[in-house]
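Below: one structure, written as structure tokens.
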Amino acid sequence: MERAMEQLNRLTRSLRRARTVELPEDNETAVYTLMPMVMADQHRSVSELLSNSKFDVNYAFGRVKRSLLHIAAKQKKCMSKLLEYSADVNICNNEGLTAIHWLAVNGRTELLHDLVQHVSDVDVEDAMGQTALHVACQNGHKTTVQCLLDSGADINRPNVSGATPLYFACSHGQRDTAQILLLRGAKYLPDKNGVTPLDLCVQGGYGETCEVLIQYHPRLFQTIIQMTQNEDLRENMLRQVLEHLSQQSESQYLKILTSLAEVATTNGHKLLSLSSNYDAQMKSLLRIVRIFCHVFRIGPSSPSNGIDMGYNGNKTPRSQVFKPLELLWHSLDEWLVLIATELMKNKKNSTDITSILLKQKGQDQDATSIPPFEPPGPGSYENLSTGTGESKPDALAGKQEASVDCQDVISMTANRLSAVIQAFYMCCSCQMPPGMTSPRFIEFVCKHDEVLKCFVNRNPKIIFDHFHFLLECPELMSRFMHIIKAQAEYVQLVTELRMTRAIQPQINAFLQGFHMFIPPSLIQLFDEYELELLLSGMPEIDVSDWIKNTEYTSGYEREDPVIQWFWEVVENITQEERVLLLQFVTGSSRVPHGGFANIMGGSGLQNFTIAAVPYTPNLLPTSSTCINMLKLPEYPSKEILKDRLLVALHCGSYGYTMA
């Protein structure tokens, strides 16, 4: 304070003596005198003060230790004056940023063009090794990038982590600056961690920037296709990129689909190999097929796409993209035929169906009555007749060994085959109009009816893991319902699928954001009812508590007739209308935990308030929800008050739909 008064007195004395105002001798005080003038681009005042002063124009001040030239980087005239007084363009603040970095960040090309004439090194680096070209590319300033390149900026200069300007442009999806760099010969280089510009484009879903990279490096097209197997990349981002690329031309669209089909076929065959990792290969296959079906459905914009989806049997170019997958479907068919053959073989060699269908390998060898395996048909897995006769121990052991061998095959292949069946169903469905089941898939189910029922009977949960067609196609579900014995479990699983598993990614995303503010350890202190009360408040409205915690303003008092009428109306209206009133005034339909004393306003605790408004005929009540204020006109009677209040509640309280 004393320093400011001293400075003011000095300026006053200078004015009285009709002398030019002088800067304080102290650089710290002088720089704060000049700073507002520089920010306002008052170049004449700045020039006059500097001409009569010994002020160090390169003096660094403030927390980040910047000079006046950093501030003048947005003001052309002041910047020119500071350069005239020998301002050093190479001075960095404590973050390593020079004035040229500031200009590059803000895209001030007209100022940058003048400033680069005074720099000794246009590639001066900040604390992270980033040049002005890095930040200009990241922010998408095309003319700034061109100016820096024309001034000799190193187009492939890496920062401390090995990231080049092209890397920076791709990290923010800056298509235009990436194109300029590639046109000028920028190299496609990864950073020190092996992350490439294409990786960044796909992670961000920047389809346009991916398109530019592929134009200059065609080999990257296959790299994007292979990325569909990378579970670390978000599927929706991959979809977004491939969706954009597929819209460029019909040939590009067909090329993408054919390549995806080939990758899916490769992954499918790996999944059918018993030596592969089931979980990883299953997720990879279904992920690729989901992306394939998504891209197939959207297609490039053309009149024919909405008419011919390939389900009418025509061999159109669109339907031909499924051809690589036929190898996988053929392998699937062979596997299912093999298992059906084993089942029939065991039917002939053993009368114990349970040794095939159940997971347990050991059975009671002392059994004397074994239900025979009946031919497939309605009820074939439930209506088991009873056979009689004795079996020699050696013969029985041989029959059971054969059954266990068959069961081993089923145990090892059932989940793998079911995942491929799910992929087949998805591919068939994407060629059909919504709500229509593919005739080819129906034929497939009928052909392999026995094996599929064996899978379901063995593990009913497979319906929810892979056999989604049984949930979506009623005509197919009817073939399997008779073998699902635990109806209650079935209903429970369907409910779980619809309410949690089907929206699990969204639930996980919500919890991740929610736990950023409230740690799980604190949430676990409450059960679901206590948490609902804490978040949503009390569902019931206590009018007496409401009256007790209400304030009056603008002339109203608790004893005024209008206020008396108001509370009588509130006590007589329904609970639903009280909720509407609360919502009308506060924006919330619930009373917070603790009652009306804890109602929050825009700036903290704010009691419910009723303010007087002069009455005019037909005037409705209004509210200010940020301060929980009801503006209630001074109605002449209780009947008019009630009528106007209810009109306002029923017609004006629906702008808020959440507590």
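Using N, Cα and C of the backbone, Cβ positions are placed for all residues, glycine too.
TrEMBL labels come from automatic prediction, so no person has curated them.
What TrEMBL annotates here:
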type	residues	note
REPEAT	95-127	repeat 'ANK'
REPEAT	128-160	repeat 'ANK'
REPEAT	161-186	repeat 'ANK'
REGION	362-396	region 'Disordered'
DOMAIN	489-659	domain 'HECT'
ACT_SITE	CYS626	active site, glycyl thioester intermediate
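With a 10 A radius on its CB, CYS626 (active site, glycyl thioester intermediate) counts 12 other CB atoms from all the protein chains.
Secondary structure at CYS626 (active site, glycyl thioester intermediate), as computed by DSSP, is helix.
Summarised by DSSP class, the composition of the repeat 'ANK' (161-186) is 16 helix, 0 strand, 10 coil. Note on the repeat 'ANK' (128-160): DSSP counts are 16 helix, 0 strand, 17 coil.
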